[in-house]
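*Asks:* Pasting a structure below so you can have a look.
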Amino acid sequence: MTTSRLPFSLTKTKNFYEELNNWIGDVFYDILPEKGFDLRDEQVFMAFQLERAFKEKKVMFAEAGVGTGKTLVYLLFAISYARYVGKPAIIACADETLIEQLVKKEGDISKLAEHLDLKIDTRLSKSHEQYLCLKKLEKTMQRSDDDKWLDLYESLPSFVHESQAMQRFYPYGDRKQYANLSNEEWSDVSYDSFQDCLTCDMRHRCGLTLSRDYYRKSTDLIICSHDFYMEHVWTEESRKREGQLPLLPDHSAVVFDEGHLLEFAAQKALTYRVKQSTLELFLERLLQNDIREEFAELIEDALLANDEFFYVLSEESKEVAGSHRLEIKNDHRVKKAADELCRLLDKIGEALVFESEMYTIDQYELSVVEEYVEQMAYSLSLYQKDAISWLEKKEAESTFVVMPRTVAEVLGEKVFSKKIPYIFSSATLSEGGSFDYIADSLGIHDYLSLTVDSPYDYDEQMSINLYAKTDMDAEQKTAETIETIKRYKGRTLVLFPSFEELNEFKELSAAWELPYPIFFEGDEEISSLVEKFQEEEETVLCSVHLWEGLDIPGDALKNVTIWSLPFPPHDPVFTAKRNGAKKDPFEEVDLPYMLLRVRQGIGRLIRSNQDSGSIHIYAGGENERIIDEVKKVLPVEPHMM
């Protein structure tokens, strides 16, 4: 216990939780209102309910409406509890954009530090893909003569290029530091799961490695994404077996911000990705050693089976509109090829045990190959048990992806069985007032819950136009959207269900000569676009991923346009969910997903008692039943257009 760092004093007559309760009351009733913050009954109610979850070390679903100030509440508890226990608390956000929202200059952590005179040790633990890969940068520089790559290389810290004594190493390579690169450009130089980091000669000068070392030493908060936290959970044991540290250090508590999105993050983290060239790389490395002829022939057979599997997979896959995932059609033929490859990989796994006793292969290299072969064999066996699967293609490279259908059992065992506080925070956690659906999907059997409404007067602050009478095409919607942008002099967030629709608007809007800059997700690092949008008021932001969490109070945002109803794509992941529905796939999968996204999208507009503006929802072409369902989740009566 590090009581000297607690933001309040402990006495002999009262325990930590009693003193914490008193301090939280002082903060919300006296200290923050004196600094200009609103006194919100909903926020105070949530705070005193949350104390029970920390005291009893339980799971809590904290459903709090927009504007409750839930982030301030869970931050105060997380910081205090981390200092009391002596281990950092984890704040897991839905994605990297929301991490940046939390730690920006005018974000909630900065507000608490300033107004409560606290020094908060906050460190970011971003997903691997958010970091530069030195090896990929070298390859990109070799095949492209664009000056931007040379400029990037020369901007790297001196210790990357030089080997000398007494050098000071520090974290670098974060995506945010290269905001000018588009998403496509970034993918050419960023980490991907097929990089062989364990044997990389630049490993100890790598920005990802140095960043990990840095955030592990946090004493208060480590902020990561849901994906990264789940990757930590699934890889913790295997990393220990390989002699590596887990991705995250031992921690005191976990807060899942936008917690309704955790199930998909868990599925994503449990996903196995198999690239055609990776097995070739590992097995051909073995062939360079002095191995038995019988083993060499087995490797050759496996390489042929690998080529055959990916050939069949490519032949039997088709593209899906609105998704980068290719659907596998003739499952039987692919499974037959997978069965043969899996059989040979199992044989290689057995042979590797024998080879390890011959000492003809470097033991570390052997363990790396063994781990990969085992993982690939498991992926193929998972596929044969009807897991969710698809194919991805980039340039000439194919990647086979396998994802489990459910994660409830493994989550219940590996995560929620631990006796620490787990807080789920979101405006949309329950269905019809019940938290059973989300609890069951995550393997949670014992939990606390609370629900508080939004403190905002939506009838006074918001108007909604629902375009449902006529089915507009993209050109008509573009013209209407441009008119609303002009009316509000920019200050508009346009939300799209997919990049295809965003790019269509991007192309059509280029013909209009608007005096207001339009920022499109994908053109730059997204948190830098959000920053520009907030600082330069007369601008427009178009996004696919900002339905949740975006917090822009004030005059920078006066208008939110929902381009079309955000139904899930018809890709393998949601097709599997539909196939698993008990009665009606549309009622159980598509409709709830769409309504949740609409509620979240609307929540971007009003972020303070002083905010006002309008929502425009394009739902033309949908039947009356769907329109009625949309109207039920709207906070005010819409104007039907």
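Note that Cβ sites are derived from N, Cα and C of the backbone, with glycine treated the same way.
Not my notes, these are from Swiss-Prot:
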type	residues	note
BINDING	Ala64, Gly65, Val66, Gly67, Thr68, Gly69, Lys70, Thr71	ATP binding site
BINDING	Cys133, Cys197, Cys200, Cys206	[4Fe-4S] cluster binding site
DOMAIN	29-303	domain 'Helicase ATP-binding'
MOTIF	257-260	motif 'DEGH box'
*Asks:* For Ala64 (ATP binding site), just give me the three-state DSSP call.
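*Replies:* In three-state terms, Ala64 (ATP binding site) counts as strand.
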*Asks:* Spatially, which candidate from the binding-site residues Val66, Thr68, Thr71 is nearest to Cys206 ([4Fe-4S] cluster binding site), comparing Cα atoms?
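*Replies:* Smallest Cα separation from Cys206 ([4Fe-4S] cluster binding site) among Val66, Thr68, Thr71: Thr71.
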*Asks:* Taking only the binding-site residues Cys133, Cys197, Cys200, which one has a CA atom nearest to the CA atom of Thr71 (ATP binding site)?
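*Replies:* Nearest in space to Thr71 (ATP binding site), counting only the binding-site residues, is Cys133.
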*Asks:* Taking the domain 'Helicase ATP-binding' (29-303) alone, what is its mean pLDDT?
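*Replies:* Across the domain 'Helicase ATP-binding' (29-303), the average pLDDT comes out at 90.
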*Asks:* What is the interatomic distance between the Cα atoms of Cys197 ([4Fe-4S] cluster binding site) and Gly65 (ATP binding site), given in whole Å?
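*Replies:* Counting only the Cα atoms, the answer is 43 Å.
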*Asks:* Where DSSP helix means H, G or I and strand means E or B, what are the helix, strand and coil counts for the motif 'DEGH box' (257-260)?
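*Replies:* Helix/strand/coil tally for the motif 'DEGH box' (257-260): 2 helix, 1 strand, 1 coil.
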*Asks:* What are the non-local neighbours of Gly69 (ATP binding site), defined as same-chain residues 6+ apart in sequence with CB under 8 A from its CB?
*Replies:* Asp38, Arg40, Glu42, Gln43
*Asks:* Just the number: how many Å between the Cα atoms of Cys200 ([4Fe-4S] cluster binding site) and Lys70 (ATP binding site)?
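*Replies:* Between the alpha carbons of Cys200 ([4Fe-4S] cluster binding site) and Lys70 (ATP binding site) there are 43 Å.
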*Asks:* When a 10 Å sphere is centred on the Cβ of Thr68 (ATP binding site), how many other Cβ atoms does it contain?
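*Replies:* So the number of other Cβ atoms within 10 Å of Thr68 (ATP binding site) is 24.
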*Asks:* Enter the number of other CB atoms within 10 angstroms of the CB of Gly65 (ATP binding site).
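*Replies:* Around Gly65 (ATP binding site), other Cβ atoms within 10 Å: 17.
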*Asks:* Let me know the DSSP-derived helix, strand or coil state of Cys206 ([4Fe-4S] cluster binding site), please.
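*Replies:* Going by the DSSP assignment, Cys206 ([4Fe-4S] cluster binding site) belongs to neither helix nor strand, so it counts as coil.
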*Asks:* Taking 8 Å from the centroid of the Cβ atoms of Ala64, Gly65, Val66, Gly67, Thr68, Gly69, Lys70, Thr71 as the cut-off, which other residues in that chain fall inside it around the ATP site?
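*Replies:* Residues close to the ATP site, other than Ala64, Gly65, Val66, Gly67, Thr68, Gly69, Lys70, Thr71: Glu42, Gln43, Met46, Ala427, Val452, Ser454, Pro455.
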*Asks:* Between the Cα atoms of Val66 (ATP binding site) and Cys133 ([4Fe-4S] cluster binding site), find the distance and write it as a whole number of Å.
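*Replies:* Counting only the Cα atoms, the answer is 39 Å.
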*Asks:* State the Cα to Cα distance, in Å, between Lys70 (ATP binding site) and Cys133 ([4Fe-4S] cluster binding site), rounded to an integer.
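*Replies:* With the alpha carbons as reference points, the distance is 37 Å.
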*Asks:* Rounded to an integer, what is the Cα-Cα distance in Å between Cys133 ([4Fe-4S] cluster binding site) and Gly67 (ATP binding site)?
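*Replies:* Cα to Cα, Cys133 ([4Fe-4S] cluster binding site) and Gly67 (ATP binding site) are separated by 40 Å.
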*Asks:* Run through the Cβ atoms and count how many others sit within 10 Å of the one on Lys70 (ATP binding site).
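*Replies:* For Lys70 (ATP binding site), the 10 Å Cβ neighbour count is 26.
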*Asks:* Determine which residues of the same chain, besides Cys133, Cys197, Cys200, Cys206, have their CB within 8 A of the center of the CB atoms at the recorded [4Fe-4S] cluster site, and list them by sequence.
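*Replies:* Along the chain, the qualifying residues are Leu134, Lys135, Tyr191, Gln195, Met202, Arg203, Leu208, Thr209.
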